[in-house]
Amino acid sequence: MKELEDRIRRDGTVKPGNVLKVDAFLNHQCDVDLFDQMGTEWARLFADRHIDKILTIEASGIGIACMAARHFGNVPVVFAKKTQSINLDGDQYVASIYSFTKQREYPVIVAKRFLHEGEHVLLIDDFLANGNALHGLIDICHHAGVVIEGIGIAIEKGFQEGGKKLREEGYDIQSLAIVDSMDAEAGTIEFTSAQ
Ligand code: 5GP
C-alpha cells in the first residue's frame, strides 16, 4: 500500500537490532486517516471472506483493528490482553508469546466468552517479524474452535521468518507494506510491493 510505504519512508526510523520505529503514526501517535485507508485496503483484499469478528493484540493492534472493523460491517473487535487483572474474569484462553521488541515471554489472554466455536475470524496486527505474536493468537483460535479466515498485517519484515512460515502453514496473510531490508546506519528502508 503506497500511502503506508510513503509514510514509513517519511516518518519511520531504523533502530539497531532490526527494529523499525513508527511511533509517529502507528505505535504511539495514531494517524486515524491512515488507519482508515488501511481498513479500506484490508476490506478489498479480504472481500471474498465472511468475517464475524476481528482478533488482535493490545496495544498497537487495537486502533488499526477498530478502524478496519468499520470496513467489515462493524464487526466486533476482540483484543488479547497481555496482563492478568481482576477485571479479566471467567474462563480464559491463554497462550505464551516471545516478544521480539521486549526480548521476553509474556502471556496473551482472551476471555472465553468473546470467542465462539465456528466463528469466522480475521487476525490483525501491526507488525509481523518472527511470527511469535501471531502464533499465540492462532493457538488461542485453535482452542476456541474458530475459523481463521485471514491475517491482516500493517508492516511485515520480510527478511524475518514469520511470514514465510505462516504462509507455508496455509494462512492467507495480507501485509500492507513488506520491508525487504533496512539499514540503521544509512537510515534506508527498502520495500517489496505486496500487490
Ligand atoms: P513477532 O512476534 O512476529 O516476532 O513480532 C511481532 C510483534 O513484535 C508485533 O506485535 C510488534 O509489537 C513487535 N515488533 C516486531 N518487530 C518490530 C519492529 O521492527 N518495530 C516495532 N515497532 N515493533 C515490532
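Including glycine, each Cβ sits where the backbone N, Cα and C put it.
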Identity of the xanthine-site residue among K157, K164, K165 (reference: L20, N27, source: TrEMBL): K157
Cβ neighbour count (within 10 Å, all chains shown) around L20 (xanthine binding site): 20
Listed binding-site residues among L20, N27, K157 whose Cα sits within 10 Å of N130 (5-phospho-alpha-D-ribose 1-diphosphate binding site): K157
Beyond the site residues A129, N130, G131, N132, A133: chain residues whose C-beta lies within 8 Å of the centroid, for 5-phospho-alpha-D-ribose 1-diphosphate: I97, Y98, F100, L128, L134, H135, Q160, G162
DSSP three-state assignment for A133 (5-phospho-alpha-D-ribose 1-diphosphate binding site): helix
From binding-site residues L20, N27, K157, the one whose Cα lies nearest G131 (5-phospho-alpha-D-ribose 1-diphosphate binding site): K157
